[in-house]
Amino acid sequence: MFDGNPGRRRLVLASGSPRRREMIAGLGCEFSIASADIDESVRPSEAAADYVERLAKEKATAVFEARGDQQDIVVLGADTTVVAGGDILGKPVDFDDAKAMLRRLSGTWHEVLTSVALVAAEGCKVTTTLSRVRFRELSEQEIQRYWDSGEPADKAGAYGIQGLAGSFVERVEGSYSSIVGLPLCETVVLLKEFGIKIWSD
């Protein structure tokens, strides 16, 4: 897609997520951070895949359009959501909300979708991955203690697989890094298409 000089392109991460920051840093990319303030509400009848793709695009586009150096940057936006029984489980608003989500995930399979969007002067490209996770049965005490840890408050589906909730997981099908918040394999392919260097370049 990009046919210019890759050395002059700078990556901007449109995310305040420490997890995504660590994962991008792990790819050996030089990057800056600029969080996007967008409405993350689900639209009526919006499918989960459409929802995460839209938010990833909107995050990247909002940061890109606010910049004055658009010819020199590539902006990466990402979004992750959890889907149970066809319903989108966003970030919990309080303990009761988190408890309801975790009860719903207990002992069952659910889906995790992550979209990554790259926006640059020449356009936008997005990729979406779907993974499946199965939780063991959770006790009420575990749910309460997990909430008390503070970990679920800012996470889709009220859990983070890379933290304490890793002990809830019986099986994973798909991309572990995507469940954490950034599908690394797919992200590297996009970065290379846009002329962004990683550790192996």
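Residue numbers in this text run from 1 along the chain shown.
Cβ coordinates are placed from backbone N, Cα and C, and glycine is handled just like the others.
Copied over from Swiss-Prot, here are the features:
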type: SITE; residues: Arg19; note: site 'Important for substrate specificity'
type: ACT_SITE; residues: Asp79; note: active site, proton acceptor
type: SITE; residues: Thr80; note: site 'Important for substrate specificity'
type: SITE; residues: Gln162; note: site 'Important for substrate specificity'
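Each of the recorded sites Thr80, Gln162 was scored by the number of other CB atoms within 10 Å of its CB, and the largest score is that of Thr80. Among the recorded positions Arg19, Asp79, Thr80, the ones whose Cα sits within 10 Å of the Cα of Gln162 (site 'Important for substrate specificity') are Arg19, in sequence order. A C-beta separation below 8 Å, combined with a sequence spacing of at least six in one chain, links the residue listed as 'active site, proton acceptor' to Glu40, Tyr51, Val52, Glu53, Leu55, Ala56, Lys59, Thr114, Ser115. Counting only same-chain residues six or more apart in sequence, the Cβ atoms lying under 8 angstroms from the Cβ of Arg19 (site 'Important for substrate specificity') belong to Gly160, Gln162, Val180, Gly181, Leu182.
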